[in-house]
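Comments concern the structure below.
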Amino acid sequence: MLKGRNLIDPMDFTLEELEEVFQLADKIIENPAKYSKVCEGKLLATLFYEPSTRTRLSFEAAMLRLGGRVLGFSDANSSSVAKGESLGDTIRTVGCYADIIAIRHPKEGSARVASMYSQIPVINAGDGGHQHPTQTLTDLLTIRNVKGEFSNHVIGLCGDLKFGRTVHSLVKALSRYKNNKFILISPDELKIPDYIKEEILKKNNTEFEEVERLEDVIDQLDILYMTRVQKERFFNEAEYIRLKDSYILDAQKMRMAKEDMIILHPLPRVNEIATEIDSDPRAYYFKQAKFGMYVRMALISKLLGVC
Ligand code: CP
C-alpha cells in the first residue's frame with residue numbers, strides 16, 4: 001500500500017511496490033486521457049531550495065496532467081526561509097495548504113527531516129550529494145522500456161561518482177536485481193563513496209570494478225550512465241576546473257560501443273556528451289527525461305491513493 005507514504009530513499013519501496021509504480025506509468029503512457037482528472041482537487045507543493053529544470057518541471061507537469069494543481073517556490077529566498085524560518089516550520093505550514101510535497105534541498109538528510117515534520121507525503125527531489133530517488137524511478141522506467149528487464153546488465157557509471165546523487169540512488173536500486181555488474185569509471189578524486197561499496201555493493205554480492213579510462217571498458221557495457229562533474233559541491237574551484245572535462249563521450253568512443261548499448265544521463269549536461277551523439281539511436285537521455293514525467297505521474301497517483 002503506497003497511499004500516504006514518503007519516498008526519501010530508493011530502498012523505501014519494495015521491489016513489488018516499485019513494480020506497481022512502473023505498471024501504472026506504463027498504463028498512463030498508453031492512455032494518458034484516462035488519468036487526466038484523477039488528481040482533480042489535489043495540490044502538489046514543489047519546494048526547491050536548489051536549481052532544477054527537469055525535476056521541478058516534470059513534477060509540475062505530472063500533477064497538471066493528472067488534473068491537479070501546483071504551488072511552491074523555485075528559489076527559497078522568495079520564501080520566509082530568507083527571514084530565518086526553519087525547514088520544520090516551512091513543512092508544517094505547507095502541510096496546511098497542499099496534499100503532497102516534493103522537496104529539493106542542498107543538505108543531505110533534509111528530505112528525511114522534512115518527512116518527520118510532515119502530515120502529508122514527502123518526496124525527496126534530491127538532497128545534496130546524497131540521494132535522488134525519483135531520478136532513479138526515471139532511470140529504471142527507461143531501462144525497463146528499452147532493455148525489458150532490470151537484471152543481467154553490465155552498467156558503466158561514468159564521471160562524478162563522488163557527488164553524483166543520481167549514481168548513488170541508481171546503484172542502490174539496481175544492486176537489488178540479479179546478475180548486474182557495475183563498472184565505476186571516474187578519476188581517483190571522484191570515486192564512489194566507500195559506504196556505497198561496503199553497505200550496498202559488497203553486502204548484495206554485486207560485482208563491480210573501478211577504472212579510470214572509459215575507452216578501456218566501453219565495449220563491455222549494456223548501459224552507459226554519464227554524469228556531470230557537480231560544480232556546486234566542490235569547495236575548491238581550481239579542483240573543479242582540473243576535473244570538469246575528465247570524460248567527453250564522442251563519436252569516436254561510441255564506435256567502440258555495442259550496437260545495443262544505451263546512453264543515459266540524468267541531465268543537465270555540460271561537456272561530457274558531445275552534441276554529435278544526440279542523433280545516435282543509442283542516446284536515450286531526452287527520452288529518459290520524458291519517462292521522468294510519466295513515472296512521477298504514477299508516483300503522485302500512488303502516494304495520494306487515487307489509482
Ligand atoms: N536530473 C535532474 O535532477 O535534473 P534537474 O537538476 O534539472 O532537476
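Even glycines carry a Cβ here, placed using N, Cα and C.
In the three-state DSSP reading, ARG104 (carbamoyl phosphate binding site) counts as strand. Under the heading carbamoyl phosphate binding site, TrEMBL lists ARG54, THR55, ARG104, HIS132, GLN135, LEU267, PRO268.
Under the DSSP three-state reduction, ARG228 (L-aspartate binding site) is assigned to coil, being neither helix nor strand. The Cβ neighbour count for ARG228 (L-aspartate binding site), using a 10 Å radius and every protein chain shown, is 20. The feature L-aspartate binding site is assigned by TrEMBL to LYS83, ARG165, ARG228.
In the predicted model, the domain 'Aspartate/ornithine carbamoyltransferase carbamoyl-P binding' (5-144) has a mean pLDDT of 97. As annotated by TrEMBL, domain 'Aspartate/ornithine carbamoyltransferase carbamoyl-P binding' applies to 5-144.
Per TrEMBL, the feature domain 'Aspartate/ornithine carbamoyltransferase Asp/Orn-binding' maps to 155-301.
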Would you count the other C-beta atoms found within 10 angstroms of the C-beta of PRO268 (carbamoyl phosphate binding site) for me?
-> 10
Does ARG54 (carbamoyl phosphate binding site) have same-chain partners at least 6 apart in sequence with Cβ under 8 Å from its own Cβ, and which are they?
-> PRO266, LEU267, PRO268, ALA289, GLY292
Using Cα coordinates, what distance in whole Å links ARG228 (L-aspartate binding site) and HIS132 (carbamoyl phosphate binding site)?
-> 15
DSSP-assigned states of the domain 'Aspartate/ornithine carbamoyltransferase carbamoyl-P binding' (5-144) in counts, ordered helix, strand, coil | 70 helix, 25 strand, 45 coil
